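To start, the structure itself, in structure tokens.
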């Protein structure tokens, strides 16, 4: 008899996208002859990296479904006409996607493997995997709406770094809190883009029109999305970690020069040293320095704690409510389903360890995925 694999998959989703974007005001320059000219002190970039990331996520999902090969590895499948691209049964994966075993094989975040098998690369690979079609669509639409506008304003280098580092930060915080289940999804990176938008608005405050309505709108959007994360089976720690990382990175990467410094570059009259304006305001420099220090220290301490096998839940009894709040409608029980299986001839006996339910199936040489599927049905 052998215990089955953990079955719980945490998805990272974003369910509220926004088309509104706030642009800095143009800079009017007044010359001695009375003429006025608007200067665009930064260029618009052609966005290609964010669409490339979206295409990459879709390709990885297609490859994952090919590897999953539901008809070969499972008792029943959804949309079986798709053959090896068909989906796992809805009771096992309601997102229309692969099995947890396949996701684990493809690089899902598995804390046990990160800590004890030195597979730290899973902190990065998990952000390119998705639990299903619905999960993929929700994240990719959000990344397109938010990421393209940011890339147009700040270029592919800064936004690419913001995306990847935020995704890593989300995976790191998730791994420190959720250690018994696997986790996948790009919403840590997506929330990092949202966090970057917020800090960019704050650090470049003087450059914006209608700044207070814009700030209120952005805060509401972020708050709603984080609130959705308290639903069961949603990895809100990845959302929070990605948001905090992106928020700090925004002060470092997305800082813009103040208007006075731009005036000096374009004005016809030379500025005297006493009238010269610094490129950045003092508060921008302070935020840049503090954010960089907090970010480096936070990621370093978190990574060391993870590799040492620290479970932050042992030091914070209430933190689990940040990811799921139990109600009369749902439970926050995230214990993985385990089963004992015994093969006698062509009869397979499966017993769920959590509820004691047992059932016998007529199967010859069942695969691990098939046993996992049956275990999920018994334990749910």
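Backbone N, Cα and C define each Cβ position, glycine as well.
Unlike curated records, TrEMBL annotations are generated automatically.
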Which range of 83-106, 155-178, 323-346 is transmembrane segment, per TrEMBL: 155-178
Annotated stretch (transmembrane segment, per TrEMBL) among the listed ranges 127-148, 259-280: 127-148
Where TrEMBL places transmembrane segment among the ranges 214-231, 358-375: 214-231
The domain 'Peptidase S54 rhomboid' (118-254), counted residue by residue under DSSP: helix, strand, coil: 107 helix, 5 strand, 25 coil
Outside the transmembrane segment (237-255), six or more residues from its ends: residues with CB under 8 Å to it: 10, 12, 14, 150, 154, 158, 161-162, 165-174, 176-178, 183, 185, 187-200, 202-204, 222, 225-226, 229, 280, 284, 287-288, 290-292, 294-295, 298-299, 322-323
Intrachain neighbours beyond the transmembrane segment (285-307), with Cβ under 8 angstroms and 6 or more residues off its ends: 111, 114-115, 120, 168-169, 172-173, 175-176, 199, 202-203, 244-245, 248-252, 255
Mean of the pLDDT scores, which run from 0 to 100, over the domain 'Peptidase S54 rhomboid' (118-254): 92
